[in-house]
Amino acid sequence: MVDYHAASQSYQYGPSSAGNGAGGGGSMGDYMAQEDDWDRDLLLDPAWEKQQRKTFTAWCNSHLRKAGTQIENIDEDFRDGLKLMLLLEVISGERLPKPERGKMRVHKINNVNKALDFIASKGVKLVSIGAEEIVDGNAKMTLGMIWTIILRFAIQDISVEETSAKEGLLLWCQRKTAPYKNVNVQNFHISWKDGLAFNALIHRHRPELIEYDKLRKDDPVTNLNNAFEVAEKYLDIPKMLDAEDIVNTARPDEKAIMTYVSSFYHAFSGAQKAETAANRICRVLAVNQENEHLMEDYEKLASDLLEWIRRTIPWLEDRVPQKTIQEMQQKLEDFRDYRRVHKPPKVQEKCQLEINFNTLQTKLRLSNRPAFMPSEGKMVSDINNGWQHLEQAEKGYEEWLLNEIRRLERLDHLAEKFRQKASIHEAWTDGKEAMLKHRDYETATLSDIKALIRKHEAFESDLAAHQDRVEQIAAIAQELNELDYYDSHNVNTRCQKICDQWDALGSLTHSRREALEKTEKQLEAIDQLHLEYAKRAAPFNNWMESAMEDLQDMFIVHTIEEIEGLISAHDQFKSTLPDADREREAILAIHKEAQRIAESNHIKLSGSNPYTTVTPQIINSKWEKVQQLVPKRDHALLEEQSKQQSNEHLRRQFASQANVVGPWIQTKMEEIGRISIEMNGTLEDQLSHLKQYERSIVDYKPNLDLLEQQHQLIQEALIFDNKHTNYTMEHIRVGWEQLLTTIARTINEVENQILTRDAKGISQEQMQEFRASFNHFDKDHGGALGPEEFKACLISLGYDVENDRQGEAEFNRIMSLVDPNHSGLVTFQAFIDFMSRETTDTDTADQVIASFKVLAGDKNFITAEELRRELPPDQAEYCIARMAPYQGPDAVPGALDYKSFSTALYGESDL
């Protein structure tokens, strides 16, 4: 062991007594992949971290105490690497390199690295665990490192039925606790929370230490503490867990539980070995009782097995090949049936025979009896020799079957490949000879010939591409012959037919190319003429079609200028007809030249010109149609010209009248507006003047009737515009109606003003003053004032409606009187009504009551005598008949209530 006293005087260790840990050989790759589920990318759950700290600390101290030391804080006490190296020496029983002296960080890192290198030398992959993290006291990395050490030196070698360490430990726990009620170990976390599993493990091996039947599942803390205390006191297993932590954690830390449970496994391993030995003795004793029976069974089994081997070997050595894969597959199926059905029982018999023989010999030897000697030829070695001969024959037979099947599969694959390629080739060549022999070029046009040549070139490319397939077909046929394919004759026949046909296609291809090229040259001259004809015929045909469309086009004109423009364009078109006729003759001459060349060279032209569908017949037919349409167009244009001249006369006639009536209406409207604003003279004079003006307007009505008649003629002629006037009939009608409405409204306003003046007692001067003020602020002369204009008018008349709170309130009150509908406008009539109320006596109930009070001598009632004395007789009797008796405290006989009578007159109460 390393001398730690020299490295650090703060640690006083005694002589080393390295424990026999779980260290040893063996690869850690698969083990670590299954067991080390430490997740270094995630933070530990606080509860789990707490459990791990306690458990791992206790586990480390259980080994460090063998060296006379211990740790208190797991992430602090390993920082210098000294106790970490000591822990590894104790649990491995090996010596580590000497630690470095000094307490500097570099010394600590080097010591930790020595420990980590030692762990890595045991086949452990330390992923993301570095010496710096351990020296820095990284709790997560330190716990991860200790867990890795626990896995390697405490759990790795636990194996039950070839399971991994974790699974083996779990299986061991399940088997040991299986007989116990309320215990079902399925994992290393929640299965241990109630403590019964810990107690069951102890009771299974040391029943005298635990009274299991007295434990209750609903008291987990007591159960856990009982198990921990018994384990610490009697089994020398330190207390690594807290009962409260386990119970209060939804899922206890799996690593902490595994570490603690592994201590039980190592503590009870000796007892388990004793149990195994006892079972072995029982089995030996049981076998000893059956020795004689086994001897008889051996003899019979050996005879039967040897006989079966002697019968089977000749069948396996039969290597006669078959012709088809189906036959070989049947032999393979028979062999598989032998392996599946016949041989397994014999393997079992042989195995049982050897087991019985070995068991029998062992039992006899242990019981000091002479060894069993089978009959001659029936020794185990004889059976093994026969079995080896059988397996050798079997192995060779299987190899032969597979080779034969592979050979036949190869042959079948090649044959199928040959058939597929041959079928594809034959399908491709089908009809190719007939195509190459076809003399379709003899009646083809030049474009057809060129298309046939391009098609033939494509075929030649396709033919060259298929050369590889023909060569592949021949190569496959050759390989089938070399492999002795059973149907080689048919393959060779088919291959020869394909090759002969291929040679014939090559010869026909060459002949057809020569014929196509010869025909192409003969047709090029004619084609050039056809092309020239098409180039000139197409635009000429388009010109004729456009001309016919234009000549037949329905024209819609509305002015004389438009029809004159159409006539001018038509005259210009007629001037181009001689040139067009010359072009027509030239085009027809080209066609005749092509016909002459074809006839002189005995060429049979198939169909019409390939470049155009415009034939000479079409050109002549359309030319004749153009000649017929020209005079028709002349006649139609002249008729339309006459019509437009008549329409122009109607326009001018209407315009001359409308240009008089329209301004007259506009002038009258302006004069009425001026009269309504100026209002010179008395209201009666103004009313008389306006009525005379109205009669003059009505007298003008015949002029509108005449205009209506002219408008009717325009509508019948479908004339929609008139550039000679800006006035439409609708415009005239609307203006006339507005004129009549305006003069009537103005007369009505004057009449209302007269009524207001007479009712309110307004003088003529006041009325003119009101009109002057209103007109002054009516800037747009619209006959109404807006709110701001009305406010300015009121201010000019002395009203206090300034922009303060009191002025705004007064203005709003006045606006509610003059504009009750809230239209935002104040008419002159509303303005007059308001001003008359403000400047004349108010005819109200209060005023009448005050008058009656004067007649009554300031009393609250009046008598009949007073009424008859002050009022005319009829009015006095009217009041006496309708006045109610006065009911006040100061009433006298015959007193009448003049107040209720006055309010009733104005509808403020009932009579």
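Using the three backbone atoms N, Cα and C, a Cβ is placed for every residue, glycine included.
As annotated by Swiss-Prot, region 'Disordered' applies to 1-30.
Marked as region 'Actin-binding' by Swiss-Prot: 1-269.
Annotation source Swiss-Prot lists region 'Interaction with VCL' at 12-26 (among others).
Swiss-Prot lists 40-61 (among others) with the feature region 'Interaction with VCL', giving similarity to another entry as the kind of evidence.
Helix, strand and coil content of the motif 'LXXLL motif' (84-88), in residues and according to DSSP, is 5 helix, 0 strand, 0 coil. The annotation motif 'LXXLL motif' is assigned in Swiss-Prot to 84-88.
Taken from Swiss-Prot, the feature region 'Interaction with VCL' covers 108-126 (among others). According to DSSP, the secondary structure content of the region 'Interaction with VCL' (108-126) in residues is 14 helix, 0 strand, 5 coil.
According to Swiss-Prot, the feature N6-acetyllysine maps to Lys114 (among others).
Annotation comment: Swiss-Prot describes 177-192 as region 'Polyphosphoinositide (PIP2)-binding', evidence class sequence analysis. When Cβ-Cβ distances below 8 Å are used as the criterion, the region 'Polyphosphoinositide (PIP2)-binding' (177-192) is approached by residues 166, 170, 198, 200-201, 203-204, 212, 217, 246, 251-254, 257-258, 261 of the same chain, each at least six residues removed from its ends.
For Lys214 (among others), the entry in Swiss-Prot reads N6-acetyllysine. Annotation note: Lys214 (N6-acetyllysine) sits in a helical segment as assigned by DSSP. Contacts of Lys214 (N6-acetyllysine) defined by a Cβ separation under 8 A and a same-chain sequence distance of 6+ are given as none.
Per Swiss-Prot, N6-acetyllysine is recorded for Lys592 (among others). The Cβ of Lys592 (N6-acetyllysine) has 11 other Cβ atoms within 10 Å, all protein chains considered.
Per Swiss-Prot, the feature N6-acetyllysine maps to Lys625 (among others). Of all the Cβ atoms in the protein chains shown, 15 others lie within 10 Å of the Cβ of Lys625 (N6-acetyllysine).
Summarising the annotation, Swiss-Prot assigns repeat 'Spectrin 4' to 649-752.
Residues or ranges marked as region 'Mediates interaction with MICALL2' by Swiss-Prot: 736-911.
According to Swiss-Prot, the feature N6-acetyllysine maps to Lys779 (among others). Spatially close to Lys779 (N6-acetyllysine) yet at least six residues away along the chain are Glu789, judged by Cβ distances under 8 angstroms. Look at Lys779 (N6-acetyllysine): DSSP puts it in coil.
Residues or ranges marked as domain 'EF-hand 2' in Swiss-Prot: 806-841. Counting same-chain residues at least six beyond the ends of the domain 'EF-hand 2' (806-841), those with a Cβ under 8 angstroms from any Cβ of the stretch are 749, 752-753, 756-757, 759-762, 766-767, 770-771, 774, 783-787, 790-791, 793-794, 797, 799-800, 847.
Annotation for Lys859 (N6-acetyllysine): spatial neighbours Lys853, Asp890, criterion Cβ-Cβ under 8 Å with sequence separation of six or more. Residues or ranges marked as N6-acetyllysine in Swiss-Prot (evidence: similarity to another entry): Lys859 (among others).
Lys625 (N6-acetyllysine) and Lys114 (N6-acetyllysine) are 113 Å apart (CA-CA, integer value).
It is 23 Å from the Cα atom of Lys592 (N6-acetyllysine) to that of Lys625 (N6-acetyllysine). In the three-state DSSP assignment, the secondary structure recorded for Lys859 (N6-acetyllysine) is coil.
Residue density at Lys114 (N6-acetyllysine): 21 other Cβ atoms are found within 10 A of its Cβ, drawing on all protein chains shown. For the repeat 'Spectrin 4' (649-752), the number of residues in each DSSP class (helix H, G, I; strand E, B; coil) is 86 helix, 0 strand, 18 coil.
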